[in-house]
Amino acid sequence: MPDYRSKTSTHGRNMAGARGLWRATGMKDEDFGKPIIAVVNSFTQFVPGHVHLKDLGQLVAAEIQAAGGVAKEFNTIAVDDGIAMGHDGMLYSLPSRDLIADSVEYMVNAHCADAMVCISNCDKITPGMLMAAMRLNIPVVFVSGGPMEAGKVKFRGDEKAIDLVDAMVVAADDSYTDEEVAEFERSACPTCGSCSGMFTANSMNCLTEALGLSLPGNGSIVATHANRKKLFLKAGQLIVELAKRYYEQNDASILPRSIATKAAFKNAMTLDIAMGGSTNTVLHLLAAANEAEVDFTMDDIDELSRRVPVLSKVAPAKQDVHMEDVHRAGGIMAILGELDRANLLDVSVPTVHEKTLKDALDKWDIIRTEDPEVYEFYRSSPGGVPTQVAFSQNRYYSTLDGDREKGVIRNAEHAFSKDGGLAVLYGNIALDGCIVKTAGVDESILKFTGTARVFESQDAAVEAILGNEIKAGDVVVIRYEGPRGGPGMQEMLYPTSYLKSKGLGKDCALVTDGRFSGGSSGLSIGHVSPEAAEGGAIGLVEDGDTIEIDIPNRTIHLNIDDATMAHRRTVQEAKGWHPKEERKRKVSKALKVYAMHTTSAAKGAVRVL
């Protein structure tokens, strides 16, 4: 039977000094011997998805104490991708994922904590904490801050639901007046929480449900609803139970690596494909699997993408549907339930809250349960009042959305499309693969042939788009923006949003070794691997080349012959793999260190030492 890890610093005469310091934090004689639970918070006033988390750590801590544990809270950093977008701040976003994972490891191991509750929410914070959980392999429960309510704007006689991306699109569209743009800006982000569509933050918080590491509703119930408080209270109680099961009953089945097995990672990716999640989830699941020593690769994602249908379309794929609508339809447990009925899941896998995923679905899927409390939980609605306060309203929808034929969540028979919401493409421009969010691609351009317009940075591409230099039929190629070449693998939300604002969303493609925001839509192909900085063929594309994209057949091809490709490679290798023009970009020592050790997107941009 394993000893509590914390015993290292709480027992024995030689630990008198350490106990003295523990006492100075408030511990008493009776606390030595109880499990010490790290409450890993990520509160910051910089990020709307985290601005309401300040007191929630202590809410969890109180439940831990009441359940017989000792709670010790600490904080990680949190970068807001939306605020960092469009300038050099975005260079720091993906590297912050590794920094978060390391900081959690440092704090937990330095102080010999026995278990963790991870309070996350936004883009790189949930993945960073997930990587740490897999690395440490001690009992853990994830609970996120929850989605923001969708914005509402009265526009030219109609009221419509909007989000951050809508504000960006109208700002770049000259047909909108300054007053109209200002109204969208003021209305797009009305409350605390992660941005309201199926963007990266919400995608990842949904995937923790599929991985079995968080409670039902974690990914979908809005941050402002009083029922979300129940998740935090339950997380505090549950983590003490899990810690005691492992350390006192020798039950290793509740450890993260026992729960997040390859089958669980495949379940999570299946969910992601079915709900049209952010392409960034591919990076993060690959990275988490790497930490868990699970053999989960791009080949697995490719195989799943060919047989999993799209069962839900949420903004940005469907602009009038947001996370609050997904919750009303039964949330992630409802999507998982439909996938189970289509025999697309392994429901034998365990979760932190039920013995198996099947047990969880029997209890929480609104189609199969008869529990009125579950129905009420999923009727939790937005409050419609701007606020930065968690759990500040208690409004309910009058009915659930159980329509699986035409509703927000469909069954497999009535899927939005039989092909999944994500696809892996291969070809001579991406030998190790690239990713496209097919749920956001119009059917008319699933096959697209266009003329390359090559840019050595996102900034140069944005300037060309706003300068009306990009025309219908162009393929915008943005390179040297990968994990190493950026460094930091910037998101390309501005280029995709500006293409949409120029009326080119269905007439152009964008191909990059960078990545896309979860808010991106259109024919946006990212994660091209190998990246240009590693000698990838994207670094050999020239203006005027023809690029063929065939999503149904999963291919992307640069139309030049092998001899021309070989000649270009010889010339480029002599020059070195770097942008043709010097970029106005300050790369700090911290970013240079990141670039030295990171790998390609096809491997999750994980560190190799």
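Yeah, the Cβs are placed from backbone N, Cα and C, and that goes for glycine too.
Swiss-Prot lists S517 with the feature active site, proton acceptor, giving sequence analysis as the kind of evidence. The Mg(2+) binding site feature in Swiss-Prot is assigned to D81, D123, K124, E491. Sequence annotations record features per position, and here Swiss-Prot assigns [2Fe-2S] cluster binding site to C122, C195 based on sequence analysis. Among the features that Swiss-Prot reports, N6-carboxylysine is placed at K124.
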Original post:
In DSSP terms, helix, strand or coil for D81 (Mg(2+) binding site)?
Top reply: helix
Original post:
According to DSSP, which kind of secondary structure is E491 (Mg(2+) binding site) found in, if we only use helix, strand and coil?
Top reply: strand
**OP:** Taking the recorded Mg(2+) site as D81, D123, K124, E491, identify the other residues of that chain whose CB atom sits within 8 Å of the mean position of the site's CB atoms, giving them in sequence order.
**Re:** V79, A84, M90, S93, L94, C122, T200, A201, N280, S517
Original post:
For E491 (Mg(2+) binding site) and C122 ([2Fe-2S] cluster binding site), what Cα-Cα distance in Å is obtained after rounding to a whole number?
Top reply: 15
Subject >> Alpha-carbon distance [C195 ([2Fe-2S] cluster binding site); D123 (Mg(2+) binding site)] in Å >> reply: 10
**OP:** Compute the C-alpha separation of K124 (Mg(2+) binding site) from S517 (active site, proton acceptor), stating it in Å without decimals.
**Re:** 12
Original post:
Over all shown protein chains, what is the count of other CB atoms within 10 A of the CB belonging to E491 (Mg(2+) binding site)?
Top reply: 32
